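Here is the structure we will look at.
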Amino acid sequence: MEEMKSLQVLDRFRGLFVKMGVDYPVMRRIVQVKLTMDARRVPTLVNKSKKKSQNETEDGNQFLRSLWLYVIFGGFSSMFVLMGDNLLFEASILFGIIMFMVMTAMISDFSSVLLDIRDRSILATKPISRRTLTMAKTVHIFIYLFFLTGAVAVIPLAVGLFRQGIGFFALMLLELILMDLLIVVLTALLYLVVLRFFDGEKLKDMINYVQIGMTITITVGYQVLVRLFDFTAMDIVFKPEWWQYLLPPVWVGAAFHTLLHPNGGLTYVGLAALSIVVPLAAFLLYLKLMPALERNLQKLAEPSTKSSQSSGKALRRLSDWLCSTPQESAFFRFAWALMGTEREFKLKVYPSLGFSIVFPFIFLFSNGLDQGLEGISGTRTYLFIYFSGIMVPSLIMMLRYSSQYKAAWIYRTAPISGEAPIYKGALLACLVRLMLPLYMAEAAIFAVLFGASILPDLIVAGVAMQGFAILCFVFLRKGLPFSEPFEAAGQQNQTLVIMGLMLLLGGFGLLHWLATTLPFGVVAYGILMIVGTWLGWRRAFRTRETKKEETPDGI
Amino acid sequence: MMTTTKDPVIKLANLRMSYGGRQVLNGVDLEVYPGQIIGYIGPNGAGKSTTVKIMLGLVEGYQGEVQVFGQHPGDGDASYMKRIGYVPEIAELYDTLTAREYLTFIGELYGLSTDEAEMRARRMMTEFSLGDVFNSRITTFSKGMKQKVLLISSLLHNPDVLFLDEPLSGLDANSVMVVKEMLALLAAQGKAIFYSSHIMDVVEKISSRIVLLDGGRIVADGSFDELKAQNHEGSLEQIFNQLTGFNEHQDIAGRLVSIVQEV
């Protein structure tokens, strides 16, 4: 086990921890072990074959390697620091972005840290005080938050230093720390509330839904943030309203405004004070509540008392109607059930579905609203509905993964000829269960916004989406559904393929747009899509008929 | 029952526990003395794991009196855990660590020094013929190997009470002999062992006292010979069946086979 740099930094605060009544050596050891384990989040299948027994030195950390993406996002958002002199606006937007990035990363990646139930039986049964355990967990989270925030904020910080001076820089640093505190507390509180009022499986589902809801809310919150400022006049005007007291980024913006341009008035001072007081108060509350969260985590490990007895008849009729062979229909129902019940799968996939719902609207509102809602009905901006497919490639890629990947031995031992029915059933289930409802909801809203005349276009776009999904399946690396561990997901270098597929989706949209400019163009495009999709369902799986994929993990 | 003049290490009095309206424990009274190997048995869902988790401070919200070494679990003072070793039912380990890293870590949590923990862990691993995988990651281990690591982790700090939940699962016959013998020796040295299992033959052989839990209540408590005398049955399995009111195993088996042959 290596000595991490983070731990050496931590040592400097030793006195502080001891003063808080924490058993420092034990806490340090727990954090060290946790960091070591994170660094090894590498698929077991790679380990086994490559290095047999002396796999001591695993250099680097998957998480740290993925940080560059956040650096780029941060770089884009530093634009706001460069833009103008309205500090309130700039800082609010910038912190809105940073908090959004950090919070979503926190929920999607760190729920596993916060909710690790192994800690209960391994750590809680040892002679360690509750306070030390709580602190170890908190420190673990903060170390990651430090890297994450650092990556997002490094470019904005540098830009701020050069453009706005040292005062801006120092204030931003302080506010970043405060906002990180707030984020940790908010996340933990969220879990605590959910854990308190529900139990067992219900609770795991709840976390999923909260995550999805959160993703959507935060994304929509952006729009609110941008609309805070009246763009109609050339200079940006801020109108204080009561609900702005609820938006943490606005507090931060006010803090910048108050301290660097001290002429704002009491509203700003009040808002600025919130940005300091609330995170600190929240953190104290957090330290008090953490043991309660730990206790409630036990619920995650307990079997849920009541299980719903769904008939499954409707599902069977659906699968028999959609699938051509009994085997395919069996795999359809299998995939359907797993997608609905596997927590980790939902945790990984559903938030991206949230994005899918929101994306078309973001484009719609940022591009098409110049003339207000009445103005859009005549335009062809409804084609933005194609953006609801933007997550299809990653969705289909995720189908391969499962936390119970080892159970994939059933594919080997069952007397199945060829893998076509497996893939086809799973892809169908994924489309019908996840994409179809999403698209229907989206289309319904669009139909209301644009009028019933766009219905044919929406149907055609729906078919095109199906064709797109098949293309995604063809281009992405194949792997039996639910047969690989989630840890392997980071290992695939499929980013380029996914980007390419997203461009392809744009291509579909563009083609559709061109078709609308020609007489009977949409009809022709629609026929093309229907034929293409029909052929796709027939052909795309044919190659899988005979040869079998290499087995992951030597199952 | 083994007679002893010492104070009980564990004392449960009228222990009750309910989960969301379902009463799991219904007034359990139990005193455990040093040197006893208690076979803690009962049907699935009888409340065995819950009892153990309460004593470990993992589950709170119980009613009644619980004392472990005179301390109350969950009162904030975790120091009594130093004298407890625990093997959970499901092999929960930080399995991305190597056996050396994991065991050293656990030893340190119990207050051993790094070197001491590592040395003891290495020696025990070697005795369990796992010396050559000491530096391998636990993910690569078989079920039996993981179980051995768990057993070692519960013994590193020389505890006075051992909570073992299905400790032999996955072990080969030779290792089972080793562990059974080891438990007998540990008990002879005055350690109390709390042994939950569904394998009645083993419980019958190694336990000095058998406690049968059913429906959240203790329905039998005594040595195997005492239970046999009370129930006029030959084996612990039969006593178990009789006390839990289960006597239709032949009918059920017959029906199962007839279903199998329908295809």
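Each residue, glycine too, has its Cβ placed from N, Cα and C.
The following features are taken from TrEMBL:
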- A:67-87: transmembrane segment (TRANSMEM)
- A:93-117: transmembrane segment (TRANSMEM)
- A:138-162: transmembrane segment (TRANSMEM)
- A:168-194: transmembrane segment (TRANSMEM)
- A:206-225: transmembrane segment (TRANSMEM)
- A:266-287: transmembrane segment (TRANSMEM)
- A:349-369: transmembrane segment (TRANSMEM)
- A:381-401: transmembrane segment (TRANSMEM)
- A:422-452: transmembrane segment (TRANSMEM)
- A:458-476: transmembrane segment (TRANSMEM)
- A:496-514: transmembrane segment (TRANSMEM)
- A:520-537: transmembrane segment (TRANSMEM)
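Long-range contacts of the transmembrane segment (A:138-162) within the same chain: residues 6, 10, 27, 30-31, 34-35, 38, 63-64, 67-68, 70-71, 73-75, 77-78, 80-82, 94, 97-98, 101-102, 105-106, 110, 113-114, 168-169, 172-173, 176, 180, 183-184, 286-287, 290, each at least 6 residues beyond the stretch ends and with a Cβ under 8 Å from a Cβ of the stretch. Residues 335, 345, 348-349, 352-353, 355-357, 359-360, 363-364, 367-368, 426-427, 430, 434-435, 438-439, 442-443, 446, 449-450, 454, 457-458, 461, 464-465, 468-469, 472-473, 476, 479-486, 488-489, 492, 494, 497-498, 501-502, 505-506, 508-509, 512-513, 516 of the same chain, all 6+ positions outside the transmembrane segment (A:381-401), place their C-beta atoms under 8 angstroms from a C-beta of that stretch.
Listed as Cβ neighbours of the transmembrane segment (A:168-194) (distance under 8 Å, sequence separation of 6 or more from its ends, same chain) are residues 91, 95, 98-99, 102-103, 106-107, 110-111, 114-115, 138, 141-142, 145-146, 149, 153, 156-157, 160-161, 203, 206-207, 210, 214, 248, 252, 255-256, 259-260, 275-276, 278-280, 282-283, 285-286, 289-290, 292-293, 296. Here the transmembrane segment (A:496-514) has long-range neighbours at 380, 383-384, 386-387, 389-390, 392-394, 397, 457, 460-461, 464, 467-468, 471-472, 475-477, 521-522, 525, meaning same-chain residues at least 6 beyond its ends whose C-beta is under 8 angstroms from one of its own.
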